[in-house]
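Shown next, in structure tokens, is the structure this report addresses.
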Amino acid sequence: MLRRLVQQWSVLVFLLSYSVPSRGRSVEGLGRRLKRAVSEHQLLHDKGKSIQDLRRRFFLHHLIAEIHTAEIRATSEVSPNSKPAPNTKNHPVRFGSDDEGRYLTQETNKVETYKEQPLKTPGKKKKGKPGKRREQEKKKRRTRSAWPGTTGSGLLEDPQPHTSPTSTSLEPSSRTH
């Protein structure tokens, strides 16, 4: 009885400690898959795109290898000094551009890649011309500050001049402002 109980417990502990695969993947693998960072997803996406691009290039290279060799043979038989007919143009035959797959679908038709413009150096900002309202306010302030006896004007007229030697003390009664 004890032996059977120990066997059942050991099997139970083994099954609980062993990670059961789910749909062919381990449980740890599923947990890791859910915790991937965005940068890791981008890296895997870029890696997949580059592998797909490489496979496509190999496929296209093997497909058009005979066409390239036939074109080279045909041009080598023509004399080097002969001129082409005036109505024909010698455009290189391109079956697929090297830029395919590197750009998004919106960018595939662009010939040049995006060039970054140089950054503007931060300089002094140009001050806008002050409006009429500001100029009028400045004029009012100037005229107010020129009036004698107003605070902030700097021109204070004392009704009694301080010429006596006793009025030089700093008593509050002798101050006028």
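Using N, Cα and C of the backbone, Cβ positions are placed for all residues, glycine too.
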Swiss-Prot lists region 'Important for receptor binding' for one of the ranges 33-44, 57-68; which is that range?
57-68
To what whole number does the mean pLDDT across the motif 'Nuclear localization signal' (108-129) round?
60
